[in-house]
């Protein structure tokens, strides 16, 4: 699948080609993550059961730090930049994710969400929680982004903070752009309740041909319009315990899940998208990379808030990826096209990651209090 670019933007394409030349075989491909940190308050049965660092950028940076190939073995600085905004009331400045990637401070309060969890199990298209935005920080403007080229970008807004013009600037700066649908289609009523609008009716729709991947939950998929959007970019629909599906112009694929005991679904989709991006950085095809996305999505739901990954589990995952991927001087994140279909090692990769998932389960059993504090989602 070719990466789309405006045909008359010759200068932009020359800069992209220069990025390809300068990073090939170099120290790493720098990424750009755009989306704000939040205060998340988790409520069940009318009482607060958790207060955590939230915002897709926190979950995404957590997985990229853990799973990206660049610098992972050498303990180098993370090869990506996070642009997030918070207010002076931000209380998680010392949390690992936000400490590694400090946000921009502004005068408005930090974005805050209240998540009211249902007493009943969620269905395929019904949410297991009701979200309400109770405070909103300033949006992220194009001028807030670094003025340099990036190999890839992830637009992961949660409260409308990634403006259309900001996404367009990301597309100008980044060779490849991946977008979480929630950054594009969320709408908020007067009480802050989160709803959705059709992607085709938003100012973002015209940018889709220049985006490589859009990730949506099964609840968001009808608003994305999969059949229309797949003709412009690859659409990934996460289906929880059923794994995920990839749709592109002329093909589709189902990717199997990994078992998980769900404690808190917050951040599962964000962790999936970051795992998927990490898979592309390792040189996997899109469908193979979705296995890594499913793996980290499952890891995220087993803890409350931004998860902590056991070092043994991470080491096992890195060894699997090193064994299963070939050394490439130009990973597909920096190439001119993506391979979308499953490779001939897809099933082997899934089986190997299943074994790593056992380590994740053993960690949870050995230390059930690690980041959890009980099952928030069910009685």
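Glycine is no exception: its Cβ is also placed from the backbone N, Cα and C atoms.
As annotated by Swiss-Prot, active site, proton acceptor applies to 270, with the evidence given as similarity to another entry. Swiss-Prot lists 217, 267, 268, 269, 270, 294 with the feature ATP binding site.
Most buried of the binding-site residues 217, 294, judged by other Cβ atoms within 10 Å, is 294.
In this view, residue 269 (ATP binding site) is surrounded by 27 other Cβ atoms within 10 Å of its Cβ, with every protein chain counted. You'll find the Cα of residue 294 (ATP binding site) roughly 11 Å from the Cα of residue 270 (active site, proton acceptor). Cβ contacts within 10 Å of residue 268 (ATP binding site), excluding its own Cβ and spanning all protein chains shown: 24. Residue pairs drawn from 217, 267, 268, 269, 270, 294, the listed ATP binders, are separated by up to 12 Å at the Cα level. For the recorded ATP site, residues 217, 267, 268, 269, 270, 294 set the reference point as the centre of their Cβ atoms, and the other residues of that chain within 8 Å of it by Cβ are 59, 238, 265, 271, 272, 273, 297, 300, 301.
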